[in-house]
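Student: Encoded as structure tokens, here's the structure I'll be asking about.
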Amino acid sequence: MSEQKRAAVILAAGKGTRMKSERAKVLHPLAGQPLAAYPARLARALGCDPSVLVVGHQAAEVEQALGGEGLHFALQQEQLGTGHALLCAADALRGFSGDLLLLCGDVPLIRRETLERLLAYHAAEGAAVTVLTAEMVDPKGYGRIVRDGAEVLRIVEEKDASQKEKLIREINTGLYVFEAPFVFEALRGVGRDNAQNEYYLTDVVAAARVAGKKVRALSVADPAEAMGINDRVQLAEAGRILRTRINQAHMLAGVSLVDPACTYIDAGVEIGAETLIHPNVHLRGATRVGPGCEIEPGAVISDSVLGAGVHVKAGTVMSEARIGDACALGPMAHLRPGTVLKGRNKLGNFVETKKATFDEKAQASHLTYIGDAEVGKNVNIGCGTITCNYDGVNKYQTIIEDDVFVGSDTQFVAPVRIGRGSLIGAGSTITKDVPAGALALSRAEQKTIEGWAERKRAKQKKS
Ligand code: UD1
Ligand code: CA
């Protein structure tokens, strides 16, 4: 491999004991993505090839969750420390010579520009080890940078630090650039004679100095970037920081957030300009919202695509739905997976849909369930209409062609097809296909007995 190459190792084998969780720490979600997805994506964006994720605790689950990120995986059977973890990636990097970026699965807030600065500084200095550091107001728990002026002498862990060293506020972010393959040689000489009886990656600093190599440190301007997630308090705090970043980026791109502190937008969600988002809205997963939309309080939108000018009213929930331009939804509509609205549709309060396509301008304004259905253009579905799509074993289709008018309180017992332009009388249970242009009614004729109620009341008074 050529000299200029760049590779990455991401450490993610630890259990994360302080999370008090059955789930591996790096799988805990932050703005909708597992923690380890953040360093994984940065490594890829920086052109690191290969990027090796060191897995151990819940290795299979971690590999599955991050399978789509273009990573190689290396297994660390037993978690013997960060130094041992990097050594476990040595095989995957056999023959690699160049800059090795070391990231941590539990340090998700670091910015791409900061890592670019780190790589550039490492190259400019001709260093063998360049550690990214930060000045922390409260350095507790982190490794401390022990310097002699500009020289980095060593890194000492909190648990091994003297009282004097504990006062040092410059900490190790746990992110580095190393010269490979030198770092692997250096690590093979590192022991575990320390408070935690672990192989410390931080000990390569001292090892590099002994080998006569240059060690450098670069301090990150914003210490929030360096935050390591060890417990759920820090996870929530990181969520708040990331949310602020995400929301600011949307606002600067032309999206209005009434109260950004109470707006929950996952990383990777796209929103068009001039869209207005009210408080307590959640936009999750692979959601894309078009321009000029309005999303009212309490809407929860997951993995859905919304066109332009869509009005989502309060309390509406949708997932895996595709919404065309100028639709109005809710309040309190429930659009389940497979809902497709072609455009200018209206689904009103307490309307539930699933695997249902509504062609342009078709609408259902109140209290309706439409599942496994195709609804044609301009169809009007009256209040209380239900598709009876399920017989306890199988699901069946309801097809309603263009320009049909469905009276209120209709049940469509699927499979059934309603021909174009026909009319369904209110209160009907439709079990048979209806031809185009017909009127279908299925209800007992009304019986009216004049004077009956008056006579009954008169009788009751006498007795
Ligand atoms: C580490 C650093 C510390 C630094 C801090 C920054 C060492 C010895 N200490 O401490 O100087 O200030 O990060 O956050 O390196 N991991 C493995 N295998 C292991 C042990 C850890 O893969 O055997 C992974 C963890 O999953 C985690 C990362 O390495 O992603 C850091 O491990 P952690 O135990 O959190 O190290 P810290 O004690 O925080
Ligand atoms: Ca940590």
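Glycine is treated like the rest: Cβ placed from N, Cα and C.
Okay, these came from TrEMBL:
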- 1-232: region 'Pyrophosphorylase' (REGION)
- 11-14, Lys25, Gln76, 81-82, Gly143, Glu157, Asn172, Asn230, Arg336, Lys354, Tyr369, Asn380: UDP-N-acetyl-alpha-D-glucosamine binding site (BINDING)
- Asp106, Asn230: Mg(2+) binding site (BINDING)
- 233-253: region 'Linker' (REGION)
- 254-463: region 'N-acetyltransferase' (REGION)
- Asn389, Tyr390, Ser408, Ala426, Arg443: acetyl-CoA binding site (BINDING)
Student: With H, G and I counted as helix, E and B as strand and the rest as coil, say where DSSP puts Asn172 (UDP-N-acetyl-alpha-D-glucosamine binding site).
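Tutor: The three-state answer is strand.
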Student: If you count the C-beta atoms lying within 10 Å of each candidate's C-beta, which of the binding-site residues Lys25, Arg336, Arg443 ends up with the smallest number?
Tutor: Arg443
Student: Quick one: of the binding-site residues Asp106, Asn389, Tyr390, Ser408, Ala426, which has its CA closest to the CA of Gly81 (UDP-N-acetyl-alpha-D-glucosamine binding site)?
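Tutor: Given the candidates Asp106, Asn389, Tyr390, Ser408, Ala426, the nearest one is Asp106.
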Student: Between any two of Asn389, Tyr390, Ser408, Ala426, Arg443, the residues recorded as binding acetyl-CoA, what is the biggest Cα to Cα distance in Å?
Tutor: 22
Student: Tell me which of the binding-site residues Gly81, Gly143 sits in the most Cβ-dense spot, judged by other Cβ atoms within 10 Å.
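Tutor: Result of the Cβ crowding comparison: Gly143.
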Student: Would you mind reading off the Cα separation of Leu11 (UDP-N-acetyl-alpha-D-glucosamine binding site) from Ala426 (acetyl-CoA binding site), to the nearest angstrom?
Tutor: 64
Student: For Asn172 (UDP-N-acetyl-alpha-D-glucosamine binding site), which of these binding-site residues sit within 10 Å, Cα to Cα: Asn230, Asn389, Tyr390, Ser408, Ala426, Arg443?
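Tutor: So the list reads none.
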Student: Just to be sure I understand: of Gly143, Tyr369, Tyr390, Ser408, Arg443, which binding-site residues have a C-alpha no more than 10 angstroms from the C-alpha of Asp106 (Mg(2+) binding site)?
Tutor: none
Student: Cβ under 6 Å from ligand 2: which of the binding-site residues Ala13, Lys25, Asp106, Asn230, Tyr390 qualify?
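Tutor: So the answer is Asp106, Asn230.
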